[in-house]
Amino acid sequence: MKPKKAVIAALSCGDADDVSLSLDELVMLLKNVEVPVAARVVQKRKAPDPAYFLGAGKALEIKEYAPPNEITHLVVDDFLTPTQRSNLQRLTGLVVWDRAFVIMKIFERRAVTAEAKLQVELAQYRYEIPSLKGLGRQMSRTGGGIGTRGPGETEFERHRRKLDRRIRGIEQNLEEVRRRRGERRERRKRGGVPVAALVGYTNSGKSTLLKALSKDSEILAKDQLFSTLDTVARRVSYRDGSGSFLLSDTVGFIRKLPPELVAAFRATLEEASNADLLLVVLDASRKNPCETLDIVLDTLRGLGAGALPRIVVLNKIDKCGESALFTAAEIRSRGERVVSTCAIDGSGFEELLGEIKKIFADEVAAKVQKDIL
């Protein structure tokens, strides 16, 4: 079997730095599915071509480049319509993926629990439905005249009905998961247990933070994208023994996260939107941590969690030296609370726990004041 090798492509409609960072991420994403990148193609256009996304001329250049360089895949750093994907595949003769497809492949590999597998399956089905609609129109032309049902159309409808039944079944199962989680949250609320949620870019060190703060050596913390697809929660005690809170870790974010995945993982992501406090974890060693903060905050706003109290946790400060000080200052200038940490050696944990304790105490005081009034 021929080894996979890709050309990655993007459109530049604005900031060139944004395109470069996004392509860097795509290289990293493809590395997680064992597809090396041989070349990058960036085309300046005001808008995507409706038929090919890239211009047809640029697609033909990629077609010519492919054979002598043993290219097997063209991966577009955006979301393609079924028509664009089909047209590009036909024109270039390459396997064509978009960013959403690559991310879903990684999620599929990382899914371990039954719930995570169901959520990934649901996202994949929703991603495929637009392609099936186009296929249905094509198959309906293979037989039958006006007022008749051709064999192609009948086969498509049978497949679509089967798919619809499977989607409904998965949605019902996940709705039950949401219901049970909601009941657990209500019990915790009645018990007065405050909840903080770790949110942030994928591979920013959230799981390592949870492992270190909770002192639970069994928590999986790997240096890989999307290592956590399920909600993991542990009790964390304050160092002075004055109390504790529940800390949860959930799926990481990334730019251009497919909407199908966000919708399918709603039950998991709701753990963040229902928390009392968000710990927004940033990797201080990234090229532009402030840009990743913007992406995380945009995602949180989309989940209805943008107004929750939060602390920005600038993690991995051991990897970047003094630049972390400038990053922290820039984030503070935006009005954010910032604590710098290293999850490996525990640097900054005392300050972080102190900030968490203060915020929870302020929330309790505000609630008491509200009840009095």
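Placement of Cβ uses the backbone N, Cα and C atoms for every residue, glycine included.
For 138-159, the entry in TrEMBL reads region 'Disordered'.
Sequence annotations record features per position, and here TrEMBL assigns coiled coil to 160-187.
If you look up TrEMBL, you'll see 194-364 marked as domain 'Hflx-type G'.
Annotated GTP binding site per TrEMBL: 200-207, 226-230, 249-252, 315-318, in sequence order. Under DSSP, K316 (GTP binding site) is assigned to coil, being neither helix nor strand in the three-state scheme. The Cβ of K316 (GTP binding site) lies under 8 Å from the Cβ of S204, G205, D283, A284, S285, C342, A343, each of which sits 6+ residues away along the same chain.
Secondary structure at T228 (Mg(2+) binding site), taken from DSSP and collapsed to helix, strand or coil, is coil. Under the heading Mg(2+) binding site, TrEMBL lists S207, T228.
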Inter-residue C-alpha distance, S207 (Mg(2+) binding site) and S227 (GTP binding site) (nearest angstrom): 8
Long-range Cβ neighbours of the coiled coil (160-187) (under 8 Å; 6 or more residues past either end): 115, 118-119, 121-122, 125-126, 128-129, 132, 136, 195, 231, 264, 266-267, 270-271, 274
Nearest of the binding-site residues (G200, N203, K206, V251) to T228 (Mg(2+) binding site), judged by Cα-Cα distance: V251
Candidates S227, T228: member of the binding-site residues with the richest Cβ shell (10 Å): T228
Nonlocal neighbours by CB distance (under 8 Å) for D230 (GTP binding site), same chain, sequence gap 6 or more: V112, T113, E115, A116, T250, T268
Predicted model, mean pLDDT over the domain 'Hflx-type G' (194-364): 89
Secondary-structure category, per DSSP, in which K206 (GTP binding site) falls: helix
